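Structure, as structure tokens:
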Amino acid sequence: MDHLGYSGGISRVGIQHNRYSGQFSDRYSQYSESEYDPSETTHSESDSENHHHSNIPILEYPSFLSQSNDNVSNGPSNNTLSSSATSLGNNDGDEDLENVINNYLSFEKDVDILTERLGKTLSTLETEMIVGVLDSGVGVNEVISQLGDKDGTHLTGVTAWIEYYNKQLQDMKKYIEHIEGKNNKMEIVSRNQKLLYSELNNLIGLMTLSDNTISTLTAPQFNDTKGLKMAIEAAEDLKRALTTKLKSGMDNMMAVKDQRKVFETYKISFARKVAALVENIFKTTDKEIGKHVITTTSQTPGEEKFPDYLEYYDLLRKFKPLVNWLKEMDHEKLIPLIVSYIKAFRRIYESDIKLFFSTIQQSLEKESKDQNDFFSSSSSSKKSIDSLNNNTSTSTPSKNSSSSSSSSSGKDGIKKRKINRLFKYALSCLEIYIMTKQNFVMDFFLYQDPPRLAGQRNHHSNSSGGGSGSNKDGKDRKDKKSSKKDKKDKKDKKDKKDKKKKDPDSSSSPSLDNDKPIDSNSPKSPNNAVNGSLSSTEESSPPPPPPPPPKESPDAPLDLILSAMFNGVVPELINMVEKADQVNPFYLLTMLLETELYIDAHSRKDSHHSSYFVKILAEVQKSIKTLFNKFLEVQVDAIKSTQTSLKRCGVLPHFRNFHIFVKELQKYKSESDTGSSTLLIESSYKKIILELFNWLDGLVEKLPEDKKYKFISKLENHYFFYLKLQELNINCLTQHKDTSQSIFKENLEIYVNFLIDLKFKPLIEYYTKMDELLLTLPPSDIQFQQSHSKQQFKKIVEKFKTENIEKGLLKALGNVQKNITKDSQLILVIWERLEEVFIEKYEHFQDITSDCYNQTMPVSSDQIKGIFGTVYKKNPNKH
């Protein structure tokens, strides 16, 4: 910028405005006029261009660029290259090559210096040009216009110089970008080489096992703590070398493949040693625990709890990392270990279960068997119901009142419990026992309790409930009560048990191949060992459609192990359920409630749940519902089989006993309105009520149409039923209460009309016919009808004077007292309704008599009201 010749050309323009000329002359006075001669612009275009090129100031380039064109373009000097070429043929060519490279590096540094200097120069030029334009503003425009007018040729030269300089700058920019591109490529290559070097180091470290690790894998020492720790660490190193996922392509390297083949041989050998070690531990533990069981049983007889075996679990947990490694690295060798584990511990667990249940049976309180046949016609049943009725009439039933006297102390000091309380205690102990064993199996064999998928029903939800489906189940069971079939089932069950005792391992070591999930409905499942009395009830029913096969899970053996270990739990629990059914079927409801509380608790997806515990309780739940539905069917059959006369029958026994049945059931109902036990109770009410209504309708249909007992029996029984349901005030019975009230009112109207017709039928018929005539005739024409003339009117009213009306009401009252139960408030209800209907009719008769005959009835409606009151007071119920 210092050598540009602007000032000479600008000073000769002769600008009139001193302000702008002074600024420009001051700015460019530093340049000499000799550097730029405007007279030379008259030359030819080519000469002018060459002249400008010669007058453009030359920047100071680096030393290697200041040489001749040949030297700059060809890099190093000819002498250097020739000497280098000559020296390449000599023995010391390596040193000359090094000199060439050093020269190249020095030249590269000069390029960097040049690039930096050019950048600074360009920045200065751009800044000064922009500042000058902004400061000059209008003055610049005037100067340019004057320059264009007076000497445009000078600007042409300046423009050419600027274009040349721009071209040089563009070339320099391309050169700089070229250099930067090479530098970037070199940097990328360097970075990739570093990453490759790092990955190769990692691969070498991963594919290399130390000598100690190899010796441990080859000859592990499991007997001492240090050797076991070294074996676990060596197993982890081997696992990492075999399973770590390498970068793309590295796993296909021949060296990696060969090394992993060697590691596979280590894995196979080490897995075989681990499997043998764990199997020996299981066998040893089996013997030790067997001795422990014998010792503790002899020392603490009658102890109502399960042994914990914590010290043996702690011993086995030391080898847990090796078992977990074996499952992940060689799962095929784990399968025989699971079978060995089952064989080692199943016998011990079966012994624990039998001992526990036999021990708690000693604390069972003896109770007399009471089937509570509320609707049976036997004398013992009537006696039992009468006692219940007396108890409920003198005391208010409370929730779970049976628990107040559920336990007592016997002569031997053992705490006595009722069967339902004993069942609850057994469930609490079983939960702890099973959860402890399950947690150990899950931790030791690295299994997870499979969570239930969202939207899927639990595997226990298919058990028979107390809803509408239970009606069908009950009807199916009703046809299966023959004693021969029960005996046959019990015999078959006994044969199966004997066979199982002879060959305990034949059916108790199911295959674990392929980790197939366990089907609880399979005949081989140990949880299907239910009592013969239950299996016989479902023998002739068609099998339900098979459920869709569950998805296979790697954790399915967990259920298999637990099923094999605790195959005696379900039969023991069902045995307690059957004993409770024999003593008091209502105990089944409390058992069902307790069972479902555990099912709900273990159906939640948290850390403390057991799908297996839910499964075995679901079988118990199903058995409880089956037995209770069977009890209900006994009650239904008792109702159906009852044949009785409806003549002056009063309230039938079955209708009288229903509220007692309800009160007893309510004692065993849970406080919450949800749950299967509540649904079962409510469905029981519905089933019995519908059967009662159908049974009474069946008895009524057998009577002739003209029999008064058809409506009298319905009237009295449904009135009693309505009052009792109203007294119970149970929400689920509201609909049935309304139904009984409707039937009662319907038959009340029929009976009242029947009573009126006993003595007042002619009067009713006379005025009924008159109402029909009034539909077509005016009231004044009625007296001209032969059937309703004034003479006929006088005859009819003469028959129903005061004394005759009183006799008619006496006869009606006598009929009511004769057919309705003594001291029943229904008598007064009927009498009051009779009074309402009769007076309503009589007042209507008075109105049409006045309209048609212009006369009055001999007895007024007020007099009739007095007659009703007098008759009822003078004639109390005498029968």
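Along the chain as shown, the residues are counted starting at 1.
Backbone N, Cα and C define each Cβ position, glycine as well.
Note on Swiss-Prot: of 203-225, 226-248, 732-754, the range annotated with the feature coiled coil is 226-248. Among the residue ranges 4-26, 165-187, 855-877, the one that Swiss-Prot annotates as coiled coil is 165-187. Under 8 Å from some Cβ of the coiled coil (165-187) lie the Cβ atoms of residues 56, 108, 111, 115, 118, 122, all in the same chain and six or more residues away from its ends.
Taken together, the residues in the coiled coil (226-248) have a mean pLDDT of 81 on the 0 to 100 scale.
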